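The structure appears right after this line, and notes come after that.
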Amino acid sequence: MNGEADCPTDLEMAAPKGQDRWSQEDMLTLLECMKNNLPSNDSSKFKTTESHMDWEKVAFKDFSGDMCKLKWVEISNEVRKFRTLTELILDAQEHVKNPYKGKKLKKHPDFPKKPLTPYFRFFMEKRAKYAKLHPEMSNLDLTKILSKKYKELPEKKKMKYIQDFQREKQEFERNLARFREDHPDLIQNAKKSDIPEKPKTPQQLWYTHEKKVYLKVRPDATTKEVKDSLGKQWSQLSDKKTLKWIHKALEQRKEYEEIMRDYIQKHPELNISEEGITKSTLTKAERQLKDKFDGRPTKPPPNSYSLYCAELMANMKDVPSTERMVLCSQQWKLLSQKEKDAYHKKCDQKKKDYEVELLRFLESLPEEEQQRVLGEEKMLNINKKQTTSPASKKPSQEGGKGGSEKPKRPVSAMFIFSEEKRRQLQEERPELSESELTRLLARMWNDLTEKKKAKYKAREAALKAQSERKPGGEREDRGKLPESPKRAEEIWQQSVIGDYLARFKNDRVKALKAMEMTWNNMEKKEKLMWIKKAAEDQKRYERELSEMRAPPAATNSSKKMKFQGEPKKPPMNGYQKFSQELLSNGELNHLPLKERMVEIGSRWQRISQSQKEHYKKLAEEQQRQYKVHLDLWVKSLSPQDRAAYKEYISNKRKNMTKLRGPNPKSSRTTLQSKSESEEDDDEEEEDDEEEEEEEEDDENGDSSEDGGDSSESSSEDESEDGDENDDDDDDEDDEDDDDEDEDNESEGSSSSSSSSGDSSDSGSN
């Protein structure tokens, strides 16, 4: 009702008990008379129209106007009243005809009484007794006490109430069935839709099952008690048990899809899309769990920096989450290029393994599931392109072409000064914010003498000239100022700051003071390692700065072009074949690249001459096969591609001749200086790295076959190179390709030239 039924009017209070003599026919007549006396344009509230009703005109038989009015008030209390009187009378007529229909079914005098639950039986039995013992208690307090007493009852006493309830419940069900037979017109069976029931989620299936089990043990439990008891159990289920319900839910969904498609064919008027039928009942976590048990591989980190962070964070559980990424970034910067390269190779290997495992996983899936997994992989790749991590941003920018991008303005002298001094100020004044730090640096710049400013202005001029000389296709942002060199104390602090922050509960000021005291009390012998690292960092800074001032090497003409389907160059001699075999089986992966090459040279010296001949024959056979495949591939090219390939080979030979000059050693030095300018390229491909190793193997192998000490030669060459094999892969590819072309003309020419190169190296040393 709308609330008015709870506040009886004076007429309702005065209703005589004799009103019971109204029959159904009399009440319908009353309503008909009222309907006939309504105004033609009845649009007012029913109370307004009711107050203007002439009840004497409504009176009929021996029912007076007042009696009719009282009866109307009684009937109108049974229906909602926020409508016009015309509408209200129609509803009242329906109520008079079927007073016990629908929700009012239980009000029928013959309707069987529902049995009390075991708890209510106990409550009704004990309430009077406890009310006498505790008259000061309210009904709420009594209910709480009796509820607690019932829970404390032994099972034997509880069983008495449970058995009485079950007996009366069976009797109630029999009486209800009899009532339905006797009064079929009163049962309002809502016409149920014949649309198939939607499939349940794994959690819903589990809850339905567990609820039945729970009610068998505690039949008197309320719905709230069942929910409270089972609510948290689903999240605590083991993966194996959760998987059981996931499989059941998937089976149910499959059945639903088949039934639903048949239903849609029979009812084409329904507007149900295919997406609505095939909608998954699994959550993201449940889907991932199923995929994991089906053998779907875990996606590896996207780049070497992410891989390093993932490994480092596993041991940083005590460090606050806000500090972890900062520490990871600092530790990453402390790694040498060789260590970063190792992580890059490891990351690339994980990606390759993932692709192989993913293909194997896809083969085991039906076509629909394959499409789903491929769709998820595609979305992940799209998201990666849209949001790049700080670690992956730099390589992607370096590897991209700059022709379509707007060139950046070179940095100013003041900016160079600020970047150089900012880190030192941050350590000395950690309480300053970024904006305060910037203002302080600006004041310091203004206070500098013109002589000191001239040094930074010279750098600015060099960077500006560099920017003007920079070609459109050159690698991105050579004019960026290199990172300032760190002092020994700064490098040490970055390596231990995590421990100090944990000790001082993330209080950075206290941690910095403690680190400063520890550093001052350290012996020189303990500081020596950090002093060496600082010296290396200073050399790195000076080298990068000199590279920025130097004009960029012209690499566009010698940049390796990729031709689809071009056969890969095989080893050119026995030593290179031997090296490739050792490198590919992973036996030496634990060694750094420099030591790895020395070890390969040493092993080559130890094997017998017959084994060397065996590797030489294998290499010669692969060279013959390569020539055949290369000829077939060149013939298969279109005329335009063939012409482009020949032009590329011709230009490459000319460029390599210019770069190498008469002395092979000087050419290698030239290439090395060029490669040093791009040593931070973290996104080089692993195949190019292998070719770089093969190039060194080739030189070492030739010298070994000529009787030279391969390991010694390799060590000397690498020590002269100076940067632990951080050669640019593209340049190494060019050397490989040049050797490859020359080898097509004469198999032994490359070997002899390499031998002469090594001999000259040895002579110069």
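Backbone N, Cα and C define each Cβ position, glycine as well.
In Swiss-Prot, the annotation region 'Disordered' applies to 546-576, one of the ranges 143-173, 422-452, 546-576.
When Ser229, Ser238, Ser273 are compared with the annotations in Swiss-Prot, the one labelled phosphoserine turns out to be Ser273. Between the listed residues Ser280, Ser584, Ser650, Swiss-Prot assigns phosphoserine to Ser584, with no corresponding entry for the rest in that record. When the residues Ser321, Ser364, Ser579 are compared with Swiss-Prot, the one annotated as phosphoserine is Ser364.
Feature annotation (Swiss-Prot): of 1-21, 43-63, 106-126, 589-609, the stretch labelled region 'Disordered' is 1-21. DSSP states for the DNA-binding region (568-634), grouped as helix (H, G, I), strand (E, B) and coil, give 51 helix, 0 strand, 16 coil. Long-range Cβ contacts of the compositional bias 'Basic and acidic residues' (370-379) within its own chain (Cβ-Cβ under 8 Å, at least 6 residues beyond either end) map to 291, 296, 358, 361-362. Using a 10 Å radius centred on the Cβ of Ser435 (phosphoserine) and all shown protein chains, the other Cβ atoms total 8.
By the count of Cβ pairs under 8 Å, the stretch nearest in packing to the DNA-binding region (482-549) among 112-180, 298-362, 568-634 is 298-362. Residues belonging to the DNA-binding region (407-475) score a mean pLDDT of 74 in the model. Checking each of the modified residues Ser412, Ser435, Ser495 against Ser336 (phosphoserine) by C-alpha distance, the shortest gap belongs to Ser495. Spatially, by CA atoms, the modified residues Ser364, Ser412, Ser484, Ser495, Ser546 include one closest to Ser433 (phosphoserine), and that is Ser484.
In the three-state DSSP scheme, Ser364 (phosphoserine) is classed as coil. Sequence-distant contacts (6 or more apart, same chain, Cβ under 8 Å) of Ser412 (phosphoserine) comprise Glu460.
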